[in-house]
Amino acid sequence: MAICRVKSLLSLSKCFSMRTFSSAQASPRQLQNIGFIGLGNMGSRMANNLIKAGFSLTVHDLNSDVLEMFSQMGIPTKKTPYEVSEASDIVITMLPTSAHVIDVYTGTNGLLHGGKLLRPWLLLDSSTIDPETSRNLSATVSNHILKENKGDWERPFKLDAPVSGSVTAAEAGTLTFMVGGSEEAFLAAKPILFSMGKSAIYCGGAGSGSAAKICNNLALAVSMLGISEALALGQSLGVSAATLTNIFNCSSARCWSSDAYNPVPGLMEGVPSSRDYTGGFASKLMAKDLNLAVESAKLAGCKFPLTSQAQKIYTELCSYGHEAKDFSCAFRHYYSGLDEANDQ
């Protein structure tokens, strides 16, 4: 998995409201000890925000260098997911693929290595994976029992809680969480979620968070390609991308890809297109998410012509060597759009 050096983070001051409920409720003590597995571009920043918020962390990653960095910060590190599990009341995972998540949960020395007994009362997976894997892991976790009493909690829960937001949002603590699983567990986990993000939306039962994330990124990919195609066509017809962007942003074509994340180099500062498409959301990750969307659509028996075309475009971009570029690079590297200076 991709690992990056941990940057300093702004201190967080988050406010949240938490609805009370009649059965199980997590006490502050049951939220205090958090395990975090997967300290890549996103995970390292999410973990740092939890530290800033005052939680006690124990971490694990396959990269020894990043573990050493956290160790130098005074954060306990463990060699296996199971060791993290044994030291934690809650474990958060942020991993690249479904296969990685399955291995961390059920592999040798995985989170569930200790038979039917489990110390954490909550396992929270923020990876972007397929809904079926999320549902299967939730069912597996529900068959375990807690090693020790956790107040009113009688058995462990798993939430799928993928995020929307870039590395910048992870660093700033402004992620949006899409959460599937027990609503009761979701409400109890809000203090943790709001220490890493600005919004947490309950989507339904197990797998619903993963499904929502796939749908969100499908819509994002199609809208970015639509905007890129229209802007490149406009340039070919003699209308500048700057002019078209101004039109889009005050008319019916307005969307995030036009007014907040414009793909044309030279039109907007602070976005990947302004820095040769570095940073942001890599094309290879968009291709991965579109693969998940295609497979989910097939299983659901849904038509997916736009998903299929978007998948082909991003797979092609990756094959041409642009896999690490931000997904908005389709404007330049697929549609052959031109750079512009925004003089308007």
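Every residue, even glycine, has its Cβ placed from backbone N, Cα and C.
Per TrEMBL, the feature active site maps to K213. The annotation domain '6-phosphogluconate dehydrogenase NADP-binding' is assigned in TrEMBL to 33-204. Positions annotated as domain '3-hydroxyisobutyrate dehydrogenase-like NAD-binding' by TrEMBL: 207-333.
Across the domain '3-hydroxyisobutyrate dehydrogenase-like NAD-binding' (207-333), DSSP helix (H, G, I), strand (E, B) and coil residues number 88 helix, 2 strand, 37 coil. Within 10 Å of the C-beta atom of the residue listed as 'active site' sit 29 other C-beta atoms, taking all shown protein chains into account. Mean model confidence of the domain '3-hydroxyisobutyrate dehydrogenase-like NAD-binding' (207-333) amounts to 97 (pLDDT, 0 to 100 scale).
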